[in-house]
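Student: Following this message is one structure expressed as structure tokens.
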Amino acid sequence: MLVHEQSIQNESAELKQLTYDEALTQVGGAGLYQKRAFLIFGLQWMITNWILFSPVFFFIEPTVDCKNNVECLSQCTSESLDEKCLAYVCDDSQRREYVVGESLNTAFNALLPCNKSLQSIIKSIVYIGSLSGFFVFSFIADNYGRKLALSISWGMTTLGSLLLAFAMNYSMIAIGIFLLGFGGNPAITVHYSFINEHSQGHFREIQNVGVQVFFALGEFTIITLAYFVSKWRWLAISVALPTVLLNLCNFLIFESPQFLYSKNKKKCVKVLNQIAKINGTQPLSINELASNPQSRENNSRVYTIWDLLKYKSLRYVFLAGVMMFFAIQVTYYGISFVSDQLGLDFFLSNFIIAFFELLAYATTDFFITKLKRKKNIIGGFIIVGIMSLYFIFKSDHIVFRIFQGVLAGLMRFLICVVWALAYVYVSELFPSVVRSLALCLISAGGSIGSIAQAFLINICSTINIHPMVAFGLIGFLCSLLLFPLRETLHQPLLEKIEEDDNRIRKSMLHINESEEITTSVLDDNEE
């Protein structure tokens, strides 16, 4: 009988303990700490935009100055370095003196457009770096901590920016740009795990899109900077300076308390109390937080891509997410790289595109708490596909060219809305134990799209089809894969993998049944 009473007392004590969400509410899920972290993340997103878009401006196409040479003028009928003129210039190294430019296309006494394959590889190597980084840092984030992954990845970004700024040849350029992608893109993807795990309520959703508003602001600033800083090296130095300084901000970010909750309850409470101190709220004692039944298992468990593929509840979601991000990034980065084909001034085209991007993220941030994820993502892809059909037609009329620029901006608007929702959607689809892993690996699929667009543009040029048509078709086809996924708006975030959660519940039920049988036998013996 004594054993039975003690069991009831223990159960009563456990009922009074706080869940992780309740504990986070007590210390503050939308306080000063979360706002400070959001500002730091936003600045890192802005600089990462500089990193990802700098190749557009590092490789501005050079112009031609024939210096009244009759032969040159017969081959190069305008200042533009078109295919006919390029073939003429590349045929003889002495003719390269006619080429004028201060971008990486003419650096180190070379003319990179003469080797289209090498040019495409160097242009896309930032995305190859991103692809590699996603695999490395997703593993670190979900197994050794979000903060460790963020610190190392941003450190790699810093190293790449310095190497690029002081490069002496194309090999150093390639390594530097690779490291920029290797660290920068994974770093900002890890931010989503922080935001979803240390924030709550509508503020969590607003932050998830808010960081992308900073990303759009980054596009405006890099376009403006590139307009006034035409020399590639000074532009690279301008990118490197804030990248170096933002390393210091990482010291103000605590490890994700929800990650620690799945590993070590004592460390989790310590971080929650650090957050409480900054937020000016009530701290926790270690006994107030309920133990995580999976923490002992998770402390020794290492999550890999195999976990995303072997569990039925995750497998299709993961593969559909990869294709969704592939389509998004093919279109998103492709629009920037074909901005010189829109019939308008290069910088004007980019400003129009950047304006629509900022408008997209600001609008989405305002409505994010009401927008259905799946429905709007699919709808956005379909509309972009329909819009892309306009680029089948060709005309030199000024109205036609202006409408092309506006339409490209609208396509960028829609694909940015889709991307903003996709990040939120993916982070809500996956449980916390594999959230960073899933986000990073799905983003890796997107990086394949970023790489593919550079080669896709060349292929479209060869077969005389505007790249926008290909971008729209890819998006439409990938949207069809999203129909089987569930809606996540206003649904609670998952903490455990469904199959693991069911296994633990069955195990706990079996233990409780065994205890009830033991208690019943003891009561019978006493009677």
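Every residue gets a Cβ built from N, Cα and C, even glycine.
So TrEMBL says this about it:
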DOMAIN    47-487  domain 'Major facilitator superfamily (MFS) profile'
TRANSMEM  38-60  transmembrane segment
TRANSMEM  121-141  transmembrane segment
TRANSMEM  148-167  transmembrane segment
TRANSMEM  173-194  transmembrane segment
TRANSMEM  206-228  transmembrane segment
TRANSMEM  234-254  transmembrane segment
TRANSMEM  316-335  transmembrane segment
TRANSMEM  347-364  transmembrane segment
TRANSMEM  376-393  transmembrane segment
TRANSMEM  405-426  transmembrane segment
TRANSMEM  438-459  transmembrane segment
TRANSMEM  465-485  transmembrane segment
Student: Check the transmembrane segment (234-254) against each of 38-60, 316-335, 438-459 and return whichever range has the most CB pairs under 8 Å.
Tutor: 38-60
Student: May I ask for the residues of the chain that lie six or more residues beyond the transmembrane segment (121-141) and have a Cβ under 8 Å from a Cβ within it?
Tutor: 51-52, 54-55, 59, 104, 112, 148-150, 152-153, 156, 160, 170, 173-174, 177-187, 189-190, 193, 303-305, 329, 333, 337, 436-441, 443-444, 447-448, 450-451, 453-455
Student: So if I exclude everything within five residues of the ends of the transmembrane segment (148-167), which remaining residues of that chain have a CB under 8 angstroms from its CBs? That is, six or more out.
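Tutor: Here the qualifying positions are 44, 48, 51, 129, 133, 137-138, 140-141, 173, 175-184, 186-187, 190-191, 194, 233, 236-237, 239-240, 243-244, 246-247, 250, 253, 436.
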Student: When you look at the transmembrane segment (376-393) alongside the transmembrane segment (438-459), do they share 3+ Cβ pairs under 8 Å, ignoring any pair fewer than 6 residues apart in sequence?
Tutor: no
